[in-house]
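Asker: Features from Swiss-Prot:
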type	residues	note
ACT_SITE	110	active site, O-(5'-phospho-DNA)-tyrosine intermediate
BINDING	206, 258	Mg(2+) binding site
DOMAIN	15-153	domain 'Topo IIA-type catalytic'
């Protein structure tokens with residue numbers, strides 16, 4: 001059985017490598033042909049701005065619209081961008097794909113030190129270029145064997161998986177076979193196969209403190225819940241595994257964050273995608289995900305300990321009123337309420353009501369409101 005899983009995953013990997021090579025070579029060929037035809041080389045990309053985000057009725061997520069920006073050798077800046085694009089493309093084809101190697105985003109920045117004029121000035125520049133290649137090839141960076149620098153998040157709950165590692169496939173029960181930290185989500189979750197589960201819901205949690213509180217209080221057992229620690233703004237792998245569990249296993253998802261504008265964006269990135277990676281929304285976003293809390297109305301109802309909104313918080317909330325991801329009446333009412341009360345609260349504020357309050361009172365009540373229990 002393990003051998004069959006290995007063969008299947010290895011076959012998919014070879015197919016992915018072949019596709020990535022074809023797409024990257026196609027991009028290089030396009031630029032080369034423009035030189036041959038004595039046309040100033042250029043490539044077009046979707047504009048990565050809030051104004052170019054639109055709702056897809058087909059996939060129920062927010063994607064890029066028709067507005068485009070151009071990378072053209074008409075300008076010195078554009079010429080350097082294309083030069084760096086060709087160097088990176090060559091590296092990915094002849095180092096990563098040809099030799100089954102991989103690099104982190106940080107390593108790519110340092111690797112470019114040997115690229116003469118194509119050297120990146122800062123890592124943000126190399127990160128954007130990989131995003132450009134994703135847009136130009138319609139493939140995720142994992143196809144190029146690019147890894148994120150950050151660790152994946154963790155999850156804990158009643159689900160058994162099979163993960164293909166360099167040492168072969170291994171079966172892991174994410175309650176019985178892991179420590180208190182939970183199962184470490186790998187950067188490429190396509191190497192995971194779901195085996196069995198008894199889960200009734202997935203609770204995606206922003207902070208480590210609340211993740212640990214729910215585990216200590218036995219919430220995963222009481223509600224057959226898979227707990228996922230988002231670690232703040234969630235990594236791609238975290239969003240992808242949530243989407244896969246929701247779509248493939250039909251497990252409902254709720255997102256539990258702090259009660260501030262930055263946390264609402266964490267929910268939005270899980271449910272609808274992020275602006276700078278809207279090209280990946282259909283691959284990573286879970287539009288069925290519900291916002292559990294912490295709501296501004298909870299601050300009022302439960303008289304939670306709060307902090308005063310900063311000017312940056314107020315500006316962010318006002319910006320969200322025009323963000324297409326928050327255009328529903330529910331979000332408009334909650335955001336306006338928060339602006340009116342001028343307060344924000346953390347998840348841990350529930351501890352002021354007792355260590356069991358969040359799992360015995362707040363979450364059961366809120367889950368009933370959402371129709372999840």
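Cβ atoms here come from the backbone N, Cα and C positions, even for glycine.
A description of the local structural setting of each listed feature is requested, covering burial, neighbours and distances.
Answerer: Within the same chain, no residue at least 6 positions away in sequence has its Cβ under 8 Å from that of residue 110 (active site, O-(5'-phospho-DNA)-tyrosine intermediate).
Long-range Cβ neighbours of residue 206 (Mg(2+) binding site) (same chain, at least 6 residues apart, Cβ-Cβ under 8 Å): 230, 232, 255, 256, 257, 258, 263, 266, 347.
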Asker: Hey, does DSSP put residue 110 (active site, O-(5'-phospho-DNA)-tyrosine intermediate) in a helix, a strand, or just coil?
Answerer: helix
Asker: Look up residue 258 (Mg(2+) binding site) in the DSSP assignment and report helix, strand or coil.
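Answerer: The residue in question, residue 258 (Mg(2+) binding site), is coil (DSSP, three-state).
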